[in-house]
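Structure, as structure tokens:
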Amino acid sequence: MNTATGVIALLVLATVIGFIEAENTRADLQGGFESYEGEAAEKIFRRSPVCTRTDQPCPYDQDCCSGSCTLKKNENGNLVKRCD
């Protein structure tokens, strides 16, 4: 076997291994957070905001901490929804 054949064989092997790894990754992504266990999952969900704070934009009618969202003028004079 010469050098060119060896290089081609290594490239084919790397490609096959890449496809196997891609299949494993796809299975993990389809499961969502099922692959996370215990503390790792808690850290992910702990960082997510519970409510939108005062004077922050509230698009898509998200829940504000105060419980209300009203139209207010921004620095450009445009009306935007903001949490009270």
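Sequential numbering from 1, following the chain as shown.
From the backbone N, Cα and C atoms, a Cβ is placed for every residue, glycine too.
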The residue that Swiss-Prot pairs with C65 in a disulfide, chosen from C51, C58, is C51
Near C51 (disulfide bond), which residues of its own chain have a C-beta under 8 A away, given they sit six or more steps off in sequence? D63, C64, C65
Rounded Cα distance, in Å, between C83 (disulfide bond) and P57 (site 'Critical for insecticidal activity') is 6
For C58 (disulfide bond) and R82 (site 'Critical for insecticidal activity'), what Cα-Cα distance in Å is obtained after rounding to a whole number? 5
